[in-house]
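Student: Relevant sequence annotations retrieved from Swiss-Prot are reproduced here:
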- Thr40: active site, charge relay system (ACT_SITE)
- His43: active site, charge relay system (ACT_SITE)
- Cys38, His63, Glu64: Zn(2+) 1 binding site (BINDING)
- Cys93, Cys96, Cys99, Cys107: Zn(2+) 2 binding site (BINDING)
- Ile175, Asp195, Arg200, Leu262, Gly263, Ile264, Ile286, Tyr287: NAD(+) binding site (BINDING)
Amino acid sequence: MKALSKLHKEVGIWMTDVPAPELGHNDLLIKIRKTAICGTDIHIYNWDEWSQKTIPVPMVVGHEYVGEVVAIGQEVRGFAVGDRVSGEGHITCGHCRNCRAGRTHLCRNTIGVGVNRPGAFAEYLVIPAFNAFKLPDNVPDELAAIFDPFGNAVHTALSFDLVGEDVLITGAGPIGIMAAAVCRHVGARHVVITDVNEYRLELARKMGATRAVNVTKEQLSGVMSELGMTEGFDVGLEMSGVPSAFQDMIDKMNHGGKIAMLGIPPATMAIDWGKVIFKGLFIKGIYGREMFETWYKMASLIQSGLDLSPIITHRFHIDDFQQGFDAMRSGQSGKVILSWDK
C-alpha cells in the first residue's frame, strides 16, 4: 500500500510502498480518507534532536486522521464495517496503575501511533478498537481528521472553569487558536492570545479571540488596560513552549490564577518561583487527551455550534504531500489536510 515514511536519518518524508498492516483479534482495519499534518510530523520531517532520539527508521508516520472501518478483529464488539472513525493516537498498556484507575491518558507505557508504531499516513491503518472513536454523522471528515490536535486544545482549555473568566493564551499555533475558540464558545469573558506570527494571529481573530497580540509590537499590560482588566488573568493556557512567554504569563496572572501547560519548553526553564508562590498560582501539565471524555466533548462542542473550519487553510491530495509539508513548515498556514481519495 501507499504510505508516507521516514526512510532516512535526514530531513524529509518519502512516499513508499509498504505491506498492509495485519489485523489482530482486538483491532480495527481502517481505510484512511483524510489526514492532517501535525507539528510532530514537522519535527520528524526536520529530523530534529527529539526525532533523532525517538523515531525508529524506517517508520510510517502520521497520527491525525479519519477513515472507514473495513475489517474487524474477531474479539471486537461495538463497531461494524462501514463505521466512520477517528482515533486516539496514544496506545496505552491497560495494566499500569493509571490505566486500571481509568486515567489512561497518564499511562507510563504509552506508545504513539506514527511515532513508535506505524502511523496513519497510509492507505490503511490498524489500531486497537479501544482507541477508535465512532464519529457522529454531522461531524464532517475534515474536522474529524483534526480531532487529535483539537483534543489537545479542548483538554487544555477545559482544565479549569472558564465561564466569565479572563484567559491568556501564549502561542497562536493551530492548537492555541482552537483553544481560543473553545474558551469563547463556553463563556470566557476576554480571550487574549499572543504570538509573533501575524498570519496566525489573524487566524486567531477569525476564530474569536478578543485580542490577538503581536508581542514584538504591543505590550500585554496595555491590552489589559484597554479591556478594563485591573487584577490580571484568571486562566492561562501556555501553548508555545517559549520561556519568555511563560514568564510574561506568570507576571500577568491574577492571584490564585490557574495555568495549564501544553507547550513543551527547553529541557530546563528558569522561572521566578517566588511569584508562583506568593501569587498562589496553580500550574497543571497537560498531555494528550483524556480518554475518552475529551473526545465526547469535542463532538459535542462541534454539534453545539463551535466552528473550527477557519483553522483549515490548505488542502492537498496525498500525491502532493510535499506541498502540504512546505506549507506547514513555512508557518503561513493553519491546519493542512491531505486527502487519500482516489
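All positions are counted from 1 along the displayed chain.
Glycine is treated like the rest: Cβ placed from N, Cα and C.
So where do these features actually land, and what's packed around them?
Tutor: With a cut-off of 8 Å between CB atoms and residues at least 6 apart in sequence, the same chain places His63, Gly114, Val115 near Thr40 (active site, charge relay system), listed in sequence order.
Under the three-state DSSP scheme, His43 (active site, charge relay system) falls in the helix class. Residues within less than 8 Å, Cβ to Cβ, of His43 (active site, charge relay system) and separated from it by at least 6 positions along the same chain comprise Trp50, Ser51.
Cys96 (Zn(2+) 2 binding site) counts 16 other C-beta atoms within 10 Å of its own C-beta, drawing on all protein chains shown.
Within 10 Å of the C-beta of Arg200 (NAD(+) binding site) there are 24 other C-beta atoms, taking all protein chains into account.
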Student: Under a three-state reduction of DSSP output, how is Arg200 (NAD(+) binding site) classified: helix, strand, or coil?
Tutor: helix
Student: Work out how many Å separate Leu262 (NAD(+) binding site) and Cys93 (Zn(2+) 2 binding site) at their Cα atoms, rounded off.
Tutor: 23
Student: What number of additional C-beta atoms lies within 10 angstroms of the C-beta atom of Tyr287 (NAD(+) binding site)?
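Tutor: Neighbour count, Cβ to Cβ under the 10 Å cut-off: 15.
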Student: In the structure shown, with every protein chain counted, which of the binding-site residues Glu64, Asp195 has the densest set of Cβ atoms within 10 angstroms of its Cβ?
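Tutor: Compared across Glu64, Asp195, the most Cβ atoms within 10 Å surround Glu64.
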